[in-house]
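I have placed the structure first, in the form of structure tokens, so that the comments after it can refer back to it.
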Amino acid sequence: MVCGKALPKLLNVPNPPLSITSGDGSWIVSIQAIGGIFGMILAGLTVDRFGRKWPFIASALPVIAGWIMIALARTALLLYIARFLFGISYGVAYGIVPIYIGEITSDGVRGAAASLITVLAKVGILFEYSVGPYVNFETLAWLSMVGPVLFVLTFVWMPESPHYLLGRGRIAEARRSLQWLRRTSAVEEELNCTRKSIERTASERGSMRELFLPAYRNNIIIVLILALGMQMSGIQAVLSYAQTIFSQISSDLTDAQMSIVLGVVQMVTVSFPVFLVDRVGRRPLLLWSSAGSCIGLLLVSIYFTLEAAGVNVESYGWVSFVGLLFFVISYAFGMATVPFAIMSEIFPKNIRAHANALFGILNGVAIFAVLKLFQIALDNVGAYLPFWVFTVSIGLTFGFVFLYIPETKGKSLDEVQEIIAGWRRKKDPFKAVIVGD
């Protein structure tokens, strides 16, 4: 997201390393989402053919190439290409990492480990927020490249997924991998259970077409709610255009300082679902998260609406800043992490990878639309318009979650399938959930 954080340097400072317009900026920020769509497709084509480890390592190479292009860029075209490469890496990584983590972790820590994906992503965003305003454009790119280079140099020593190795008949390698992961040689029981599970599903072959069978209609509704709800909240626009948004808010803090506060708050808050998702449940966290996000966005929308109407709101800039922080906190508390936990549960194993790809593609399309149209609305109408759209969207998401997403905490995969398939046949399907089931 370096270009999102560095846009003010390219748009506002004198004698920037390259000159871009606000229209160029919107393309630079949004084109990563298009690359992400191709990355998700690429992950689906490689993850079962070449394994989890090596395609994941390869996903860092486009990022490294992208940072080099940004550091040396003197035309906007190189920034477009770099951001597209970032998107490919992002799509491949997010298509593989949940599968890899699910297969290498034990049952007791799987949910927490999967939630850490989002936590560590926020650490990276905080780095860009904290360093970006205080170094030049080229230095930020070179510093940002350190992370993926270290990843390549260290992850080559990590083991392949035992699940994948067993599926390929490489039993001895799978045993060594599992022994390394569990730090014990007593892995025969788990190895045999995994082998039997693979043998039961070996003859089941799913396809993207199977996702749209009537039997999975309710599952697809949940995918649509989660994918569109996550992105139409405007979280990507807020994070990508943070300094641009903050520059329009009257405050004693600079826009760079407000961005750092935002990064710290979301990094801390997004850690809580790691400990709560298997205790409180998925549905309550989503409801609390979407309701709080709606309240925070409403405050921001009202502020920008009054400002556009000519009302003097200079002394109330803190209200909109608090609203944005409340939105980010609320979003991180559930919407940022819980959908990934739900997506790992609601589809049978034979079509789960296809469902994950569909989820990623929908996310990519929505992110691109939000980021591209946000800058257009900002330039031609005002900040109040997109923020009202975000407010209404997250409000609708709250309603859809309440109506259509059941609780799956503590349920087996078979029980989850029965719950989702039968929710419309039950008179009050969420009664037990509301009282804390």
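Every residue, even glycine, has its Cβ placed from backbone N, Cα and C.
The domain 'Major facilitator superfamily (MFS) profile' feature in TrEMBL is assigned to 1-409.
What TrEMBL records for 27-47 (among others) is transmembrane segment. When Cβ-Cβ distances below 8 Å are used as the criterion, the transmembrane segment (27-47) is approached by residues 3-4, 7, 20, 55, 59, 76, 79-80, 83-96, 99, 240-241, 353-354, 356-357, 360-361, 363-368, 371-372, 375 of the same chain, each at least six residues removed from its ends.
What TrEMBL lists as transmembrane segment is 54-73 (among others).
Among the features that TrEMBL reports, transmembrane segment is placed at 79-101 (among others).
Among the features that TrEMBL reports, transmembrane segment is placed at 108-127 (among others).
If you look up TrEMBL, you'll see 139-158 (among others) marked as transmembrane segment.
As annotated by TrEMBL, transmembrane segment applies to 218-239 (among others).
The transmembrane segment feature in TrEMBL is assigned to 259-278 (among others). Within the chain, the transmembrane segment (259-278) has long-range Cβ neighbours (under 8 A, six or more residues past its boundaries) at 5, 111-112, 115-116, 118-119, 122-123, 125-126, 128-130, 133, 239, 242-243, 246, 253, 285, 324-325, 328-329, 331-334, 336-338, 341, 409-410.
Residues 229, 233-234, 248-249, 273, 276-277, 313, 316-317, 319-320, 322-336, 338-339, 382-384, 387-388, 390-391, 394-395, 397-398, 401-402, 405 of the same chain, all 6+ positions outside the transmembrane segment (285-306), place their C-beta atoms under 8 angstroms from a C-beta of that stretch. Feature annotation from TrEMBL assigns transmembrane segment to 285-306 (among others).
For the transmembrane segment (318-343), same-chain residues at least 6 beyond its ends with a Cβ under 8 Å from one of its own Cβ atoms are 98, 111, 114-115, 117-118, 122, 222-223, 226-227, 229-230, 233, 235, 238, 245-246, 249, 251, 253, 258, 261-262, 265-266, 269-270, 272-274, 277, 282, 285-293, 295-300, 303-304, 355-356, 359, 397, 405, 408. Residues annotated as transmembrane segment in TrEMBL: 318-343 (among others).
The transmembrane segment annotation in TrEMBL covers 355-378 (among others).
Among the features that TrEMBL reports, transmembrane segment is placed at 384-405 (among others).
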The domain 'Major facilitator superfamily (MFS) profile' (1-409) [mean pLDDT, rounded to integer]: 83
